[in-house]
Amino acid sequence: APGTLTELAGESKLNSKFVRDEDERPKVAYNEFSDEIPVISLAGIDDVDGKRGEICREIVEACENWGIFQVVDHGVDTSLVADMTRLARDFFALPPEEKLRFDMSGGKKGGFIVSSHLQGEAVQDWREIVTYFSYPVRNRDYSRWPDKPQGWAKVTEEYSEKLMGLACKLLEVLSEAMGLEKESLTNACVDMDQKIVVNYYPKCPQPDLTLGLKRHTDPGTITLLLQDQVGGLQATRDDGNTWITVQPVEGAFVVNLGDHGHFLSNGRFKNADHQAVVNSNSSRLSIATFQNPAPEATVYPLKVREGEKAIMEEPITFAEMYKRKMGRDLELARLKKLAKEEHNHKEAAKPLDQILA
């Protein structure tokens, strides 16, 4: 079997392991863009008297409505963003054996994966990824960072640092919005983890049957996503009834709030419900930077507003929260698979005239 997806991209029919059930298939095209997700300029965010209040209001409104927004004028240098994107594309263009040198299977911390790093997935995602842990710095395992293309480690280090700064700045705004000290959300993460996932979605022969990344919410605090101009990121705020495709904005970061951010705000801020779709015209690249709390950090609302109840019964660690989330996901997948098998079994047992009726 081919070791990478890039090799399957040229086939005319989609391999059955990527085919999703009908209820999970894309409802909206990858390039049918919506401008419902706000694009917010951060120019002047540090002027305490000036623009800061207005920017804070826009961010809070976006978090209450969607849990997702885009930021421009964010202070991350455009040439750094261009370098990071170029190196990522160059990596995925390498021959399969070069990419597979960094194969992550067998419990390695970081590296190259086809489809997904989760065990027990019934249907595969149409993507290749390279992932590594960048914070805390002591957790960096440079042997798992690609050594090709040249310059990857140096550019990634700078990119990681700049995005850590941007994430903390956004968390300060959300802390203030909750009526807390501005360091509150960052402190709640204890020693903030950062994981970078570079997603590559090759051209797909039958994109209407599959997903690049299945529907989910991110488990962590906040995610900063850099995407190219192709389009494919989709979001829903009514539990999947209607989906919109996020309009790519040159040089912007898409900001998603995760489950941890949702719980800390006592549900006031939404955890973005999203997925990625693919297409048959061109490949797509996105770079997700996940800002997560330390595994031992406590997950519990930082503030419960008057007249409200806490949305969690008890404080738990982030490690436990993550474990429960994965357990639920696998259980849902298992039940779905069972129901499907049962349905197929019943269909097979029907007499032919009934099936054709």
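Placed from the backbone N, Cα and C atoms, the Cβ positions cover glycine too.
Taking the Cβ of D218 (Fe cation binding site) as centre and 10 Å as the limit, one finds 23 other Cβ atoms among all the protein chains shown. Annotation comment: Swiss-Prot describes H216, D218, H274 as Fe cation binding site.
The feature 2-oxoglutarate binding site is assigned by Swiss-Prot to R284. The 10 Å shell around the Cβ of R284 (2-oxoglutarate binding site) contains 26 further Cβ atoms across the protein chains shown. DSSP assigns R284 (2-oxoglutarate binding site) to a strand.
The domain 'Fe2OG dioxygenase' annotation in Swiss-Prot covers 189-293 and rests on sequence analysis. Across the domain 'Fe2OG dioxygenase' (189-293), the DSSP tally of helix, strand and coil residues reads 9 helix, 44 strand, 52 coil.
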| What are the other residues, in sequence order, whose C-beta lies within 8 angstroms of the center of the C-beta atoms of H216, D218, H274 at the Fe cation site? | L213, R215, T217, T223, N256, G258, N271, A272, D273, Q275
| remark: Averaging pLDDT over all residues of the domain 'Fe2OG dioxygenase' (189-293) gives 96
| remark: Rounded Cα distance, in Å, between H216 (Fe cation binding site) and R284 (2-oxoglutarate binding site) is 19
| Taking each of the binding-site residues H216, H274 in turn and counting other Cβ atoms within 10 Å of its Cβ, which one has the fewest? | H216
| said: Between the Cα atoms of R284 (2-oxoglutarate binding site) and H274 (Fe cation binding site), what distance do you get, rounded to the nearest Å? | reply: 17
